[in-house]
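J.: Dropping a structure here in structure tokens format, bear with me for questions.
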Amino acid sequence: RRVHPCECHITMHMGYKRIKMNSIVFALNLLASIVWSAPPRCEPGDAILGRCRIPVEEKPQCTNIVLGYCDDMPYSKTLFPNLLDNKNREELEMGTEYLLLSVIHTLLNGECTPDIRMLGCSIIAPRCENGKIMKPCRSTCESVRKNCIHAFEGIKMAWPYFLDCDRFFVGEEEGCYDPLENLREKQEVALASISPEEPSTIIQFTYHSHLQMENVLKKTAARCSDISRTYSIGRSFEGKDLLVIEFSDNPGQHELLEPEVKYIANMHGNEVLGRQLLIYLAQYLCSEYQLGNERIQTLINNTRIHLFPSMNPDGYELAAAEVEDTNEQEQDEGHRYNGWTSGRANAQNIDLNRNFPDLTSIVYSRRRNKGYRTDHVPIPDSYWFSKYVVAPETYAVMKWVRSIPFVMSASLHGGELVVSYPYDFSRHPEEEKMFSPSPDEQVFKLLSRIYADAHPTMSDNSTDRCGASFASKGGIINGAMWYSFSGGMSDFNYLHTNCFEITVELGCDKFPSEDELYLGWQQNKEPLLSYLEAVHRGIKGIVKDETGKGIKGARISVRGVRHDIFSAEDGDYWRLLTSGTHIITASAPGYTKVMKKINLPPRLQKAGRVDFILKREILEPGINDHFPAQDTYDRFDPFNQFERYTQRETGEPGEEEVQEKPWWWSYFALSGNAAPTWLLRNY
């Protein structure tokens, strides 16, 4: 019979469904056979009974290091994933960590490289042996961090997290290795090739920018961390750190009976030789101490030395920029046309050596009063409340000298070759050149001669040289007799604190060429050291009560000298004196006075020890008239008018500092990775 077209279509459709069903059944059967033929999942103990097999996983294999910035490591094989969990080389090369290592040399101006780069490579491309990662030694990491963290601080960058010595590095007992092994071998070979006839302390006699100076000082302090440290006393008007480097056998602490001495340079920004001399002196003290120089070791072990190379970094940068521009035009003679004015003042156009409180005028106005004082004269309120502008650099130095019991100081200048000493302000203001001695005229002359006589030409009687006009005076002069000015730092030190400060003019050229820096160092190295040693002249001792407790603020008086000094926190004191017989009196509020007669031999190079024990007594009216009134002496910056100058001294980031990113931030933030906030020091 004829088949109806619909019937045929239904039959074909059913056949298609049957074929499709058969295909599905076949696929399921095939899948079932694969599943049933696969090794059964192992339960605990099944593998031992042979019921199943544990699949063998491929072991990670050591692979060649093919990273361009890690190709000089003391090994050639690494392993992925690495210690930062990068799965492969491509992922590693895209990371911020590798980017940082690739630019670290430029960021740090060559400081601590390749040490930092190789240390980082030991983490991102760790050593592989027998299919296992070996971790680098913690001791290597700690050594590099100690020597190099200053370089990161210089660019306001945090120490990289992947160089955390406790997190990614291990001790020798765990089988670590030194990733800088090859580097150390090369350094030893280089050192062995140096001729023993060369100077043991090597100094590079070049000028330093402010950042370079900071790096040198911090690197020096890191190298000699057992005897040195750096600290900031504040910031300049443009925000540069006012950095000090200290040397002591116990850095950071005042030690009983150990005198404190300071050098300050570059107060006038265009007077630069002193700035460089203190940078060189810091390097010299560190190196010679480590090399076993007995003179330097004795000096540092018995003295706390503070070197402040640049009081006016803003002015220095201005003067240096002008010299550089002039040198391009005048080549050899460019440095001599610096003007004498550009960069002298700070960024506010304030001459810092005229910016201190004028205490000398106060002393002169009271000299006819009975019992008038020339010591610890309070800062008058008029200094703070008038229209007077107190520079941040001046403010920082005043706080500094009030906080440390300095015994002696020198301020290094340029423009002449002479040592001047207080008073700098004439006792008759209308007389600009008038001999105006302080009560300690003889002590100041002694200190000045120690520096001048140790200099090869300063005390020379030749009239055909720089400083010839002072030849007849032996290279030293009373400041007011040279020329008079008020508001000077030396007068302030003497009249407000225990500190005796002289002013050293280092030469007629304020900004000498680099070729002359070595000669400047050779001429001034011995005077600088001799002056530091001079702090051990005179007498020292401790003022105690009957229980043996030190008395703070006890007055030490010398008969015939109308200038007293006061004991420090634990009762210790130092009094610079010339040789001869002296009557010394110690007194304090609520105690009886004690008087002693002493004799200082002419050639005594070590301070004589004179202690006092004071007994309690009932106070009588007027007995403390000669002691400074603490409420007036302590009125430093009343109502905190200038406290803003110290807001960033504590290390706490100000609001502006948190918001403003460092200059290098955009480079990493725009690299395509997540913003690496771990690079920000204050994050």
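Using N, Cα and C of the backbone, Cβ positions are placed for all residues, glycine too.
Those TrEMBL annotations? Automatic predictions, nothing curated.
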J.: Which of Cys112, Cys121, Cys128, Cys165 is the other half of the disulfide bond that TrEMBL records for Cys141?
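T.: Looking through Cys112, Cys121, Cys128, Cys165, the record in TrEMBL gives Cys165 as the partner of Cys141.
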J.: Around the C-beta of Cys165 (disulfide bond), how many further C-beta atoms are within 10 angstroms, looking at every protein chain?
T.: 20
J.: Long-range same-chain neighbours of Cys141 (disulfide bond), Cβ under 8 Å, sequence gap at least 6?
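T.: Sequence-distant Cβ neighbours: Leu119, Leu163, Cys165, Phe168, Phe169.
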J.: How many neighbouring Cβ atoms, not counting its own, are there within 10 Å of the Cβ of Glu505 (active site, proton donor/acceptor)?
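T.: For Glu505 (active site, proton donor/acceptor), the 10 Å Cβ neighbour count is 26.
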J.: Summarise the domain 'FZ' (57-179) by DSSP state, stating how many residues are helix, strand and coil.
T.: 57 helix, 15 strand, 51 coil
J.: What is the average pLDDT across the domain 'Peptidase M14' (206-535)?
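T.: The answer is 92, the mean pLDDT of the model over that range.
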